[in-house]
Amino acid sequence: MLLLYCWTFTSPNFPIQYESNSQCVWIITASDPNKVEEKVSSEKSCVVPLLPVIQINFEEFDLEIGYDSLTIGDGGEVGDSKTIIQVLTGSFVPDLIVSMSHQMWLHLQSDESVGSIGFKINYKEIDKESCGDPGTPLYGYQEGSGFLNGDVLRFECQFGFELIGERMITCQNNNQWSANIPICICESHTLFFFITANKTKYLWTWKVHSDTRLLED
C-alpha cells in the first residue's frame, strides 16, 4: 500500500470568480513514476510492477453550467479525446476520479460571459488497479473493505434515514466506481401538537423531510 501525501490546487482566483475566456491546463504526475511496487501474480510465477495512479477529490466545484467546463483525462497528452475520463460543468461532480496511468491532465475552459467561483481539488497517489475509497454517506455507513478492480461496496443508512441512490457500487477496470455514493435523508414524519392558550386550542403540524422543517398552522 502506498503511503503518500495529499496535495491541493484551485482554479485561478478561487474562491473569487475565475476570469472569462480562460484556458488553463494542469498536468499531475506521480512524484516518482519510476517507483515500482511488487505484486506476486497468482496465475504465474512472476512479479508484476505496480506504478501509482492519481486520485482527485473535489472539495468545492462550481462552473457556469453548459458554458464553462473542466475536462479531465488520463496521461500527459492534453486534449487527446481518447484519454478523456470526464467533462464536468455546473455544480455536480463525481465523488472522486482516478487515472489509469501515473499522469492526469485537467483543462479548464470558460466563455466570454460571467463565470463562477471555480473549484478546489485534493489529489494523491494510490495503488494501481484501485478506485480509491469513495467515502461514507452522512448518516450512513459502508460495508466492504476493498477498493480494487472488481471489489463491491454496499451502503446503508442509520435508523430513521432513507437511502437515495445506488445501494451497491463496483470498482470497474477503468479505476472508476460504477456510481456515486448514495445519500441518506431523513424520512418523512408528521407530528401533531395541541396547544392551549387563553382557552383556545391550536393544531400544529410539523413536517420533516430531507432536513427541511415546515411549520403549518
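Cβ coordinates come from backbone N, Cα and C, glycine included.
Automatic prediction, not curation, is the source of TrEMBL annotations.
As annotated by TrEMBL, disulfide bond applies to CYS157-CYS184. The Cβ of CYS184 (disulfide bond) has 22 other Cβ atoms within 10 Å, all protein chains considered.
Averaged across the domain 'CUB' (1-126), pLDDT for the predicted model comes to 83. Marked as domain 'CUB' by TrEMBL: 1-126.
For 129-186, the entry in TrEMBL reads domain 'Sushi'.
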Per-state residue totals over the domain 'CUB' (1-126) - DSSP helix, strand, coil:
3 helix, 59 strand, 64 coil
Under 8 Å between C-beta atoms and at least six apart in sequence, can you list the same-chain neighbours of CYS157 (disulfide bond), or say none if there are none?
PRO137, TYR139, GLY140, LEU163, CYS184
